[in-house]
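Student: Sharing the record's features from TrEMBL:
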- 17-112: domain 'ABC transporter' (DOMAIN)
- 141-196: domain 'ABC transporter family G' (DOMAIN)
- 280-489: domain 'ABC-2 type transporter transmembrane' (DOMAIN)
- 579-603: region 'Disordered' (REGION)
- 296-318: transmembrane segment (TRANSMEM)
- 324-349: transmembrane segment (TRANSMEM)
- 370-390: transmembrane segment (TRANSMEM)
- 437-461: transmembrane segment (TRANSMEM)
- 525-546: transmembrane segment (TRANSMEM)
Amino acid sequence: MTGNVLLNGKRRRLNYGVAAYVTQEDVLLGTLTVRETITYSAYLRLPPTLSKEEVNGIIEATIMEMGLQDCADRNIGNWHLRGISGGEKKRLSIALEILTRPRLLFLDEPTSGLDSASAFFVIQTLRNIARGGPTVISSIHQPSSEVFTLFDDLFLLSGGQTVYFGPAKKAVEFFAKAGVPCPRRRNPSDHFLRCINSDFDKITTTLMGSNRMDICNSGIEMCSDPLMNRATAEIKAMLVEKYRCSEYSLIARERIREILTIEGLGNERKSGSQAKWWKQLSVLTRRSFVNMSRDVGYYWLRIGVYIALSICVGSIFFDVGTNFGAILARGACGGFLSGFMTFMSIGGFPSFLEEMKVFYKERLNGHYGVAVYILSNFLSSFPFLALMSLSTGTITYYMVKFRPEFSNYLYLSLDLISSIATVESSMMIIASLVPNFLMGVIIGAGYIGIMMMTSGFFRLLPDLPKPIWRYPISYINYGAWGLQGAYKNDMIGLEFDSFAPNGPKLKGEFILKNMLGVQLDHSKWWDLAAVVFILVSFRLLFFAILKFKERASPYYRTFYTKRTLRNLKKRSSFRKTAVSFPSKRHQPLHPLSAQEGFNSPLH
């Protein structure tokens with residue numbers, strides 16, 4: 001489809017804050033309550049000039065306007081928390097978007113999946129919102145007769161062509177004048193769909209072919225339907241032509257011409273969020289921390305597994321000592337800590353994907369920037385990363401008895417924190433590139449596996465094949481730098497027994513260089529700095545990917561659409577012919593500028 005977006009008669013983009021969009025899927029953080037969700041959103045977007053009392057007043061007014069008083073203090077719900085109903089979630093999604101009173105409110109099938117009472121409540125709420133000023137535009141899914149009576153205007157589309165556009169109450173009259181009156185006991189919306197949805201032709205043909213057309217005796221009374229004797233494509237073509245010559249089409253054209261003459265409104269600008277960036281950072285950090293602390297699967301399960309594994313490692317390598325066999329034991333213990341312990345970070349992938357969905361939705365509506373989100377995510381997750389690292393480091397360090405000095409213990413903990421944070425950053429990058437959870441876990445596991453194989457434990461760094469694996473993979477591998485630092489932290493200054501009885505002591509430096517392939521031309525702190533550098537690089541790369549996807553998305557959609565249309569034109573079944581196709585998917589495409597029978601107002 002092609003066309004132009006005009007706002008107040010001017011061609012322009014729908015800037016953040018001018019238009020809000022409520023998706024069909026309710027994307028919410030299930031660990032928060034309804035009131036908390038609205039509160040965080042309000043403080044993220046409302047101007048800082050408002051006092052706390054004024055903001056709280058807006059929050060309470062929104063809760064009352066959407067009828068959420070009874071569930072205001074209940075959790076939304078996720079995989080381990082029982083939550084609110086589907087209708088309440090939909091009203092909450094709408095409440096989040098009307099906080100800043102946008103000019104336009106778009107909704108994608110807000111009644112899908114709801115029972116009749118919930119659907120009526122949602123549409124009645126939208127009607128009240130529209131009475132307050134914003135223009136509400138919604139696609140609708142199979143509305144009931146009670147819901148249909150709430151509509152002000154109705155826009156019927158079929159195959160890109162306008163079948164009717166005008167007052168909803170006049171639609172029945174239009175169809176009657178066109179020769180397809182709505183039966184007295186039929187829902188008008190069902191009748192309209194029956195007249196314009198070409199899939200009914202295919203269903204009719206299938207029933208006739210299977211000798212099941214005579215189903216009147218079962219009470220369905222399809223045989224008495226006057227539309228059963230006419231093809232839907234024929235009815236639709238007739239309705240499109242009737243509308244093109246009708247008074248409703250004339251009124252629409254005149255209204256568009258009036259809008260095009262409006263002056264002084266083309267340069268209106270409004271930001272999606274009016275809060276300062278530091279305010280957004282503070283609110284996002286608090287919200288993310290609350291979500292992480294309440295979601296058992298985000299960090300708490302992993303912390304429990306980390307502690308259990310640390311006890312196992314500590315008992316297996318308990319008081320490892322400094323005999324000759326302890327050399328390999330210390331290397332294996334260090335390899336497990338820097339490799340397999342960081343591998344566990346993939347366990348938070350599902351929870352992070354859920355948070356990413358919320359980010360994409362809120363970013364689409366301009367709630368905050370990409371940089372604020374990335375920084376807040378790191379700040380809120382840091383206490384949990386520190387808890388995991390300190391618990392692991394403390395248990396293993398003092399059970400294995402690596403070194404008695406506190407500085408060595410501190411280095412081990414910092415090395416673990418940096419490595420785990422780096423792995424989590426890599427998982428964020430993967431999550432921003434893959435389409436689903438399963439592919440993300442597979443790619444994430446493969447990536448970490450490659451990092452483990454080139455870290456210098458399974459094969460020493462000097463022995464790695466020079467092309468690719470040694471240069472550049474091992475140099476951009478957080479595991480290689482982290483393991484080298486851990487080896488240096490443990491063995492420099494120690495002496496080990498010789499393999500031969502009564503032989504000379506083996507210095508830790510000799511073992512590092514000749515047995516473990518670790519170069520001593522730089523300090524262990526440089527190794528730690530390299531891990532931190534990779535961590536920062538991954539965060540910056542994550543920022544760049546999100547910004548690139550945001551900027552490139554319109555161009556990608558344009559390219560994909562043009563390519564799809566070119567491929568469709570090559571297929572004979574999609575060419576414009578006089579054949580009546582049984583499915584609306586196989587009907588010729590029409591530009592949006594031709595829906596009203598006139599060219600684009602801009603040309």
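Glycine is treated like the rest: Cβ placed from N, Cα and C.
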Student: Under an 8 Å Cβ to Cβ limit, what residues of the same chain, 6 or more beyond the ends of the transmembrane segment (296-318), are close to it?
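Tutor: 79-80, 329-330, 332-333, 336-337, 340-341, 344-345, 347-348, 350-352, 381, 384, 387-388, 391-392, 395-396, 398-400.
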Student: Using Cβ atoms and a strict cutoff of less than 8 Å, what residues sit near the transmembrane segment (437-461) while being 6 or more residues removed from its termini?
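Tutor: Distal contacts: 331, 334-335, 338-340, 342-343, 346, 349-350, 353, 423, 426-427, 430-431, 469-470, 473-474, 477-480, 482-484, 516-518.
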Student: Helix, strand, coil residue numbers for the domain 'ABC transporter' (17-112) per DSSP?
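Tutor: So the domain 'ABC transporter' (17-112) is made up of 39 helix, 11 strand, 46 coil.
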Student: Take the domain 'ABC transporter family G' (141-196) and average the pLDDT across it for me.
Tutor: 88
